[in-house]
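Student: Take this structure first; my questions come after.
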Amino acid sequence: MQPEHYFQEKFMFPVSVDEDDKATEFRPLSAARPHMLAFHLAWLNLFSCFFSTFSIPPLLPIIREDLKLTAADIGAAGTASFAGSIFSRLLMGPTCDLVGPRIASGTLSLLTAPIILATSLVSTPTSFIVIRFLVGFCLANFVSSQFWMSSMFSGNVVGLANGVVAGWANVGSGVTQLVMPVVYSLFISLFNLSSSTAWRLSFIIPAIFQATTGTLVLLYGQDLPSSYNHNTKKGTNNPKESVSVVVFRGLSNYRGWILGLLYAASFGVELTMDNIIAEYFYDRFGVNVQTAGTIAACFGMANLFSRPMGGVMSDRMGKRFGMRGRLWGLWAVQTVAGLFCVLLGRVNSLWSSVLVMCCFSVFVQAASGLNFGVVPFVSKRSLGVIAGMTGSGGTIGAVVTQMLLFSGGSLPTQTSISLMGLLIIFCTLPVTLIYFSRSGGMFCGPASCHDPIEENYSLLE
């Protein structure tokens, strides 16, 4: 029998909760503590990180002229921006397991905000590449946001919660494509500044924004539904277990590696497109900076509904067909995304390219939501490690595609985009290998017996 204070605590929650005090309903228009306030803090803080990281690409046509950047310099800088987030995402998972997502994400935002401000001091191609590398670290807050939502929301809505947080946050990569050219133009027109000074001062905006959201997370965030302290009451991990055990169990779970590969082919591709799309339309179709930024914004801002749609689809497929439904949905949506990417590189008119780009953005972003509709069910005690592995897979995918296809100018950009689509289709196939002994896989039913030690670490095994 549960103690009396447990029922009193559950009664105080403004949303329905399960036996672990995780919310079983999702109310995005509410900001009530602790579940929905955590949701809004998570997506807003991650939004500011995407805004900061992708505040540079829309101004690249201006920056490359001022710094005399070559195509190789721009490609290296794009790769560096993703390489920085690989290591930080790998570390963010265990950090969330240890200190909780509130301290982890808030601190990272405050530490990286001065770096985006330092963009205004760049004077050489080398310093530009270094800055892009360091700015990329803030994208590790994606892992903490997914960890946070998985700690706050129950299995029936966790796909939706993760999808909406990441989707709304990723809109930041589109909003910054619109805002930064406008800020740059305002500095020139209102203060009569030179182009070189105007683009440098423009980075004050994302720096202040990110520092503000990081502070809000630290002041008002809460790690767990029933406690302000990550290490009290219902912590994520058993306190008797060492960090090395938690990390080892996570790294030895093959499902985490497969999901990392799938995420590389969805979110990794999305990151690459955010980096190149404005410049692609500027160079191929001869539009101006503002128009190119507006078109590129359409790609990023589709996250407002497309990634949450992927989370909803994952939850509904899971409710109707179990884990098999989640996996089939992930394969189907991500494969269609690959087909649209192939087509994007083959169409030759401006408006056809815009239309195909929008369709591609919807499917590739929904695929990212479907990926993280599966992640919370892989491991309970090593959730942070699995989330970190999957999230790092996204940035590794961005590095690989950037280096192979968009660095050095050896291939026309439209050809590289089509090849990237084929890569998506190929890298999605390993989803067929994911299997849970309690719920089965895409082609096989559940096993007749289960490993009790493995069950102790997994939600669905």
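For all residues, glycine too, the Cβ spot is worked out from N, Cα and C.
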Student: Out of 259-279, 385-405, which range is noted as transmembrane segment by TrEMBL?
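Tutor: Checking TrEMBL against the ranges 259-279, 385-405, the transmembrane segment one is 385-405.
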Student: Would you mind listing the long-range same-chain contacts of the transmembrane segment (351-378), meaning Cβ under 8 Å and 6+ residues beyond its ends?
Tutor: 146, 150, 155, 158-159, 162-163, 166-167, 170, 253, 255-256, 259, 262-263, 266-267, 269-270, 273, 277, 281, 285, 295, 298-300, 302-303, 306-315, 318, 323, 326-327, 329-330, 333-334, 336-337, 340-341, 343-344, 386-387, 390, 394, 424, 434, 436, 458-460
Student: Among 103-122, 168-191, 287-306, 385-405, 417-436, point out the range having the most Cβ pairs under 8 angstroms from the transmembrane segment (203-221).
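Tutor: Comparing 103-122, 168-191, 287-306, 385-405, 417-436 against the transmembrane segment (203-221), the winner is 103-122.
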Student: Per the 3+ Cβ pairs under 8 Å rule, pairs at least 6 apart in sequence, do the transmembrane segment (385-405) and the transmembrane segment (168-191) touch?
Tutor: no
Student: Any chance the transmembrane segment (168-191) and the transmembrane segment (327-345) have 3 or more Cβ pairs under 8 A, given the pairs are 6 or more apart in sequence?
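Tutor: Judged by the Cβ rule, the two regions do not touch, with the required three close pairs absent.
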Student: Among 37-60, 129-148, 417-436, which stretch has the most Cβ pairs under 8 Å to the transmembrane segment (287-306)?
Tutor: 37-60
